[in-house]
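A short write-up of the structure that comes next.
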Amino acid sequence: MLSGESEMDEERMDLGIEFETTEEIPVPERLIDQVIGQDHAVEVIKTAAKQRRHVLLIGEPGTGKSMLGQAMAELLPTEELEDILVFPNPEDENMPRIKTVPAGQGRKIVEEYRRKAKEQEGVRFYLLFFVFFIVAMAVFLSHGDPNTLLLGVFVILVALMVTANMRFKTQAMVPKLLVDNSGRKRAPFVDATGAHAGALLGDVRHDPFQCFSGEEVIIVEKGKDRKVVKLREFVEDALKEPSGEGMDGDIKVTYKDLRGEDVRILTKDGFVKLLYVNKREGKQKLRKIVNLDKDYWLAVTPDHKVFTSEGLKEAGEITEKDEIIRVPLVILDGPKIASTYGEDGKFDDYIRWKKYYEKTGNGYKRAAKELNIKESTLRWWTQGAKPNSLKMIEELEKLNLLPLTSEDSRLEKVAIILGALFSDGNIDRNFNTLSFISSERKAIERFVETLKELFGEFNYEIRDNHESLGKSILFRTWDRRIIRFFVALGAPVGNKTKVKLELPWWIKLKPSLFLAFMDGLYSGDGSVPRFARYEEGIKFNGTFEIAQLTDDVEKKLPFFEEIAWYLSFFGIKAKVRVDKTGDKYKVRLIFSQSIDNVLNFLEFIPISLSPAKREKFLREVESYLAAVPESSLAGRIEELREHFNRIKKGERRSFIETWEVVNVTYNVTTETGNLLANGLFVKNSGGLGTPAHLRVEPGMIHRAHKGVLFIDEIATLSLKMQQSLLTAMQEKKFPITGQSELSSGAMVRTEPVPCDFILVAAGNLDTIEKMHPALRSRIRGYGYEVYMRTTMPDTPENRRKLVQFVAQEVKKDGRIPHFTRDAVEEIVREAQRRAGRKGHLTLRLRDLGGVVRAAGDIAVRKGKKYVTREDVLEALKLAKPLEKQLADWYIERKKEYQVIRVEGGEIGRVNGLAIIGEQSGIVLPIEAIVAPAASKEEGKIIVTGKLGEIAKEAVLNVSAIIKRYKGEDISKYDIHVQFLQTYEGVEGDSASISVATAVISALEEIPVRQDVAMTGSLSVRGEVLPVGGVTPKIEAAIEAGIKTVIIPKSNEKDVFLSPDKRKKIKIIPVERIDEVLEVALVESEKKRELIKRVRESLPLWMEETPSGETLHEHKGGATLPLEESKA
């Protein structure tokens, strides 16, 4: 047995530093000092930063390549940083000019040009005024002569055209800041891993096809007037007097030029000027996306770009992992409350006076003159009176309900109440009472509970409603805070049969708000379908709808049509129908009664405000599903039941994608090329009249100017992109042009744009083969190539570095507690185990960091102040790699079906050991049989199982051993070797001794012990050579219930097992194949004869001991006597 093998030191481990917790460990400020174990790479990076050399980092994932790239950026000087501007070119508009200035100057230059443009606006105004004045004087002096009047009109028109053109030219002359380095405290670090051509090399925008559905909400400012409008309504209104129209293939485009008007649209950075609006008519496809986890939805053409947390992405590429940038919007503020009192002006006056009074302290008389407000009003305010609306605003502010933003977590509760008010709720015209009627007392109670969560305790009454035809319960409150709050948020006021219903704009900002609104609306007005059997099959009967009466169809129809459109995002089919009922109209939102639509509805609309209605609905669906086996849907019963069970558990899909073909789309073009639609930050068209230089977008190579460009897996870039990258590295400049041949951006090509970056490329050994030879030559000739180490010596100094690593990970994560000393010891032991070599520590620190974070999460869950050893041990069990989980499942499954056997002996069957991934072992059963050769010329070794090239060659090498000891021609045999159920694949030669043992057992018909497993490579001389992953292989054998493991003598010091595992296994190191057979074969006379023959056949030096025993000495290794008792 392996004596003293890889023993874990139970005594206090020398960590190179004394501490109680990692709180005491200082974490270096500079990233370069945080790099662990890669001393050679650190020195190279420091030299490369000083000399501005490129670096190629080759190594396994998780060894710190990207960290070294970021560290280099810290080492570069910031004094050399520059801003890059792009200017229009009067001589050739498709070749914008490029200018570089010291960092921080770019913004000043752009602001200066904008100031000049505004001055030009003033000149334009005075010029027009002068022309009007001259024309007016001429007409006056000519006593109204018609010819003079006609000439004057002509002069005015010409002046308007000239000044409008002058305005556009002054705006077009404002440069665009491509790269802004103002305020930077370190050189740029740009990670271009996986970037496409446009993102890496720069692009020129052209997106006239990128359009919206038109249902989106935008915020528009015209002069001092600011309002929330639907995009479709805004564009249609602007196109009442279009500037022009044309055809784009089969699509008719109508547009309006608004450059001469003072219209602005809200974007992420405030309001920006609107340039154009356009409408496109013709068949077009919209991609509709709902992400409930990240709470956003959008409906745009597939190539429409949106801003995600990872940069710009086309809508067609958006996945459930993408987070679209959202900007919080103010939904409710003081002025909106004031408007419910009709005190908009008075509220504004009070705020103006209050600021004036706090600043000057002047009395009301003087203030009245300076502010143009009535003296009597100011006298009352000076004495402490306030507008009624202000008192209400102050009360709502105490409840933190003002200002109310789109990110407020209470909005869903507000939305569900609002939905109920749109159904069976009411606010009277005088704003005196708010009421809600339901036949279900529980619904009333939930309505009240929700209001209390928002407003606290308030006065109300609940009583039987004797005015209704059926039995119902009435809730009523007179609380003016509640009434004014919901009126300001868009609740209908007065008799709903006479009121025009409009879906409040803020409800459309997020899918969660819309679903909450629908919950309240359906809980009040919705009807539940009934299950019924018919001769032709089963179906839902009765009504499944929301219906309301009105005296004017247009007061309800658009409201329900809009709801139906938004429901389609979730795959819920609904249509609107209007029926005449006496002197009124009944507008009905009718839902499809197919089982799929019913389940979709229940999945997303929980009907939480009306528990009885939900229970009734679920019972009807259960009755339907119970009858499905007898219907045409019998083949889908499991699918439908599974969907229904998820609904009952409250589960729902988080990412829903649908497509819709529409005939009209809408868009707007702003000065900055972006806007907020439904609160989401999106790009918009830059193609219609936008100057070429404003459509230029810098690439990552330009943003990395004077900094570091990091590209991991650089070989994944196309050869064309690698060639372009090489050109940029050589020239230190690279022009920007449109990357798409179909785009008008392809006609634009800027002057060369500076891109003097240091390239830090990374990858694995395969990267070298796939890299463009010239690119690698450039790096090698003008920089360094570094191989990243995967282990470092296990010394106290390096253990101290791992202590620092743990402290760094805790600080970097920011959400886990610090580690105690014994917990750090366990992390170091895990680093020893993962190194796979005695006396070494792993440098795959990303994986080790995963253990640190998992242990920290466990400590947080337990409410601990510090992470302890027990937390780390639990983390190692909980956070197993995927390969380890597969290996455990593999072993469990194989044992269950007796594919892995751990008792008795069998001929030709051996338990080999293999590795999945990097750190996970599996037991690999191997079987061999010998049969007469099928070919008269020669026998074959036939191997089955999913083997790699190296594994196949290793099997063939076994035949050399067999031929030598057998002493006869084995060509008359076919030897079949099967790797049982190796669907996961096998590569490497570590199964060589297992194959040799199985084949020899089959040839000699000697059973192999099934409680023995083995791993090791085999040379043609019979030597057992070292292999990798010995520790995880032994652990797999232990988990499978095997008692003895054979390993190469060379790997003896690489075994690292915990004490509890050491007790469960006997480990035997060997140097030769005869030693393997000695242990593995079942004891018999045939075995003794076989081993003697094998030993005699091995090309090894022999000698006799004084006692007469024959020894085989193998290069100074262990010696095994030939004795009968050896087993």
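Here the Cβ of each residue, glycine as well, is placed from N, Cα and C on the backbone.
Annotation source Swiss-Prot lists topological domain 'Cytoplasmic' at 1-124. On the 0 to 100 pLDDT scale, the topological domain 'Cytoplasmic' (1-124) averages 86 in this prediction.
Here Gly64 (ATP binding site) comes close to Val35, Ile36, Gln38, Ala41, Met788, Leu843, Leu845: these same-chain residues lie at least six apart in sequence, with C-beta atoms under 8 angstroms from its C-beta. The feature ATP binding site is assigned by Swiss-Prot to Gly59, Glu60, Pro61, Gly62, Thr63, Gly64, Lys65, Ser66, with sequence analysis given as support.
According to Swiss-Prot, the transmembrane segment annotation covers 125-145 (among others).
Positions annotated as transmembrane segment by Swiss-Prot: 146-166 (among others).
For 167-1127, the entry in Swiss-Prot reads topological domain 'Extracellular'.
Swiss-Prot lists 417-572 with the feature domain 'DOD-type homing endonuclease'.
Per Swiss-Prot, the feature domain 'Lon proteolytic' maps to 904-1083; the stated evidence is sequence analysis.
Residues or ranges marked as active site by Swiss-Prot: Ser990 (among others). Secondary structure at Ser990 (active site), as computed by DSSP, is coil. Taking a C-beta cut-off of under 8 Å and a sequence gap of six or more, Ser990 (active site) has these contacts in its own chain: Leu913, Ala914, Ile915, Thr1015, Gly1016, Ser1017, Val1027, Gly1028, Gly1029, Lys1033.
Feature annotation from Swiss-Prot assigns active site to Lys1033 (among others). Residue density at Lys1033 (active site): 28 other Cβ atoms are found within 10 A of its Cβ, drawing on all protein chains shown.
According to Swiss-Prot, the region 'Disordered' annotation covers 1103-1127.
Local packing around the Cβ, expressed as the count of other Cβ atoms within 10 angstroms, is greatest for Gly59 among the binding-site residues Gly59, Pro61.
In sequence order, Gln38, Met788, Arg789, Thr790, Leu843, Arg844, Leu845, Arg846 are the residues of the chain that are 6 or more apart from Thr63 (ATP binding site) and have a CB within less than 8 Å of its CB. Sitting within 8 Å of the Cβ centre of Gly59, Glu60, Pro61, Gly62, Thr63, Gly64, Lys65, Ser66, and not among those site residues for ATP, are the Cβ atoms of Leu57, Ala762, Met788, Arg844, Arg846. Less than 8 angstroms from the CB of Gly62 (ATP binding site) sit Arg844, Leu845, Arg846, Asp847, each of them six or more residues away in the same chain. Using DSSP to sort the residues of the topological domain 'Cytoplasmic' (1-124) gives these counts of helix, strand and coil: 51 helix, 18 strand, 55 coil. Applying an 8 A CB threshold to same-chain residues 6+ apart, the list for Lys65 (ATP binding site) reads Leu57, Gly59, Asp712, Val760, Ala762, Met788. Sequence-distant neighbours of Ser66 (ATP binding site) (same chain, 6+ residues apart, CB-CB distance under 8 A): Asp191, Phe710, Asp712, Ala762.
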